[in-house]
Amino acid sequence: MGMAPRFNFLLHAFLCLALATTSFSLSPKFYDNLCPQALPAIKRIVEAAVHREPRMGASLLRLHFHDCFVNGCDGSLLLDSTSAFETEKNARGNFNSVRGFEVVDQIKAEVDRVCGRPVVSCADILAVAARDSVLALGGPTWKVRLGRRDSTTASRTLADSVLPSASMDLPALINNFKNQGLNKRDLVALSGGHTIGLSQCVIFRNRIYNATSIDPAFAKERRATCPRTGGNTNLAPFDPTPARFDTAYFKNLVKERGLLTSDQALFSGGSTDKLVETYSKNPDAFWVDFGKSMIRMGNIKPLTGKQGQIRVNCRKVN
């Protein structure tokens, strides 16, 4: 076989592969003709919800993250248990912790009302709500790729095994993100989502009582509201400005004031230290990378075209 035919064969194979993966690739314009009112409707409700309770912005951002890491961004996290499967809401990283489902229901009802029928998937609602939440709290914006469809099942066991844990060290975190096709820059940028929101005492207790890589004054401050026993659900902010999307999270890490083990792991003498320092000094670099990494996370294994469905109720399969 000469060079030309082999080249043509490879080119042809490559094009077919490219078409197979991108014939229904996500696009920011997906709803431009289907329902131009959809995105403004989502934004209105997210802004109102975040204004009412700033913490909701972090909660909605986290829903998209925990959806995407379990079998792709397919809205599986929103499904309640049925006789066929147990809800992902009961998984280790989600139980008594993920929240914001009522806001998602509210968005879904409003979007279906303005569009006149169910055209916007629950998976896309999560992707857009995450972006609108970050923007509402003073963070960057990005063009959300759209056209995801909704799953018809969920997996608590998969969620248990793939969601990253707050106790992970840097190699474990890098590997966890790598399994999703995300790199170290994505890991550090997306962890910066912890510039907003709160965490429960049960999650950070071990660090504030046992860690060596912690500012003693910070540990003492956190112990005041998180006793050795009891107070499991007591909340503490990841950084001093939990209602502002800023670089305080990274500034904290440099001072060994990370709240979770998995936060401080990013600045602990390893390969991500430089990036943490960059983001702590350069908001623009963080802004740009956060948007890029959110798009990359939002691209994880979507259902497109005729796959899946557009749910009528985000909590139930049609």
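Backbone N, Cα and C define each Cβ position, glycine as well.
Nobody curates TrEMBL annotations by hand; they come from automatic prediction.
Not measured: the values here are computed from a predicted model.
Which of C16, C314 pairs with C122 is settled by TrEMBL: its disulfide partner is C314. In terms of Cα distance, none of the recorded positions chosen from C68, V70, G72, P164, C201 sits within 10 Å of C122 (disulfide bond). Comparing Cα positions, S76 (Ca(2+) 1 binding site) lies closest to C314 out of the recorded positions R62, P164, C201, C226, C314. Counting only same-chain residues six or more apart in sequence, the Cβ atoms lying under 8 angstroms from the Cβ of C226 (disulfide bond) belong to C201, F204, R205, I208, N234, A236. It is C314, among the recorded positions C68, V70, C314, whose Cβ has the fewest other Cβ atoms within 10 Å in the structure shown. The separation of C68 (disulfide bond) from E88 (Ca(2+) 1 binding site), Cα to Cα, is 12 Å.
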